[in-house]
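S.K.: In case it's useful when we look at the structure, here is the feature table from Swiss-Prot:
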- 1-18: signal peptide (SIGNAL)
- Asn38: N-linked glycosylation site (CARBOHYD)
- Asn100: N-linked glycosylation site (CARBOHYD)
- Glu160: active site, proton donor (ACT_SITE)
- Asn211: N-linked glycosylation site (CARBOHYD)
- Glu266: active site, nucleophile (ACT_SITE)
- Asn288: N-linked glycosylation site (CARBOHYD)
Amino acid sequence: MKFQSTLLLAAAAGSALAVPHGSGHKKRASVFEWFGSNESGAEFGTNIPGVWGTDYIFPDPSTISTLIGKGMNFFRVQFMMERLLPDSMTGSYDEEYLANLTTVVKAVTDGGAHALIDPHNYGRYNGEIISSTSDFQTFWQNLAGQYKDNDLVMFDTNNEYYDMDQDLVLNLNQAAINGIRAAGASQYIFVEGNSWTGAWTWVDVNDNMKNLTDPEDKIVYEMHQYLDSDGSGTSETCVSGTIGKERITDATQWLKDNKKVGFIGEYAGGSNDVCRSAVSGMLEYMANNTDVWKGASWWAAGPWWGDYIFSLEPPDGTAYTGMLDILETYL
């Protein structure tokens, strides 16, 4: 999400009225390669390293299983770099944190779904912009080495770079690619852009990202798109029923023009008629352009969301009860 503060308290965003299922949405044949949800919790809180169960939480394998049972085959799993690597980006792991992260990843992949590992750090470590491409490459070489033998694991270079030098964003993404490949990992790599990797600003801000290279040719351009007035994902109010499609149209053309493939790694809208139309319209537009769009993941599931406006956590998350029928159309 655009504003980091939204992650500091699990249920700070308020609540929304649920819209019941059965609104006439006809299930179409599955067209996306990957479709699912973010799994949030391990990146919560401001206490570093913090205490598991007090300051942060790991996703619940049983609710992941529930979502897999609904047909989801993709989960973007958040973690915080400072908790995994408390001393330095190139230092030793906190073994308990790594084990818990791996448990979540295994819960996803044992269920036959794909796990996208997401360092949810906004291009920063200990509050400072990551400026060493060498250290970032080492970070990724080490982490990819942990998961290189699991074909269902994929790697997200970092969540939502923002207010950074554009060449640095490009170079950090390339360093991540280089590190992952140096580890012997051959899975897909999801790269993110500057300005919170927004689809609606991608063409103006992140055009240089087309210059990334990968010997495996498995780069996926991950963009995020919220549908409220400022695109921050902090309001349950969507601009209009067509805003979803409108905000990704230019990015779609950019992907086509540059022969790239993309993925909407975060999106959401409130459980109301306007947002339901906006989300449905965006997904339908993507479904009609699967030559460039590989899929999407909702923001977000996770055990500590409470009555958060976009919670997809079973059994009673606001979006689980009010938006899941829209998503099920594409499962």
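Just so it is clear, glycine is given a Cβ too, placed from its N, Cα and C backbone atoms.
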S.K.: According to DSSP, folded down to helix, strand and coil, what is Asn38 (N-linked glycosylation site)?
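M.R.: Reduced to three states, the DSSP call for Asn38 (N-linked glycosylation site) is strand.
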S.K.: If H, G and I count as helix, E and B as strand, and all else as coil, what does DSSP give for Asn100 (N-linked glycosylation site)?
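M.R.: It is helical.
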S.K.: Nearest to Asn38 (N-linked glycosylation site) in three-dimensional space, by Cα, is which of the recorded positions Asn100, Asn211, Glu266, Asn288?
M.R.: Glu266
S.K.: Give the residue from the glycosylation sites Asn38, Asn100, Asn211, Asn288 that has the most other Cβ atoms within 10 Å of its Cβ, counting over every protein chain displayed.
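M.R.: Result for the most crowded candidate: Asn38.
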S.K.: When the Cα of the residue listed as 'active site, nucleophile' is compared with the Cα of each of the recorded positions Asn100, Glu160, Asn211, Asn288, which one is closest?
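M.R.: For the residue listed as 'active site, nucleophile', the closest Cα among Asn100, Glu160, Asn211, Asn288 is found at Glu160.
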S.K.: For Asn100 (N-linked glycosylation site), which of the listed recorded positions (Glu160, Asn211, Asn288) have their CA atom within 10 A of its CA?
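M.R.: So the list reads none.
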S.K.: Using DSSP and collapsing to three states, where does the residue listed as 'active site, nucleophile' fall: helix, strand or coil?
M.R.: strand
S.K.: Do you know offhand how many angstrom separate the residue listed as 'active site, proton donor' and Asn288 (N-linked glycosylation site) by C-alpha?
M.R.: 26
S.K.: Could you round the CA separation between Asn211 (N-linked glycosylation site) and Asn288 (N-linked glycosylation site) to a whole angstrom and send it over?
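M.R.: Distance (Cα to Cα, whole Å): 26 Å.
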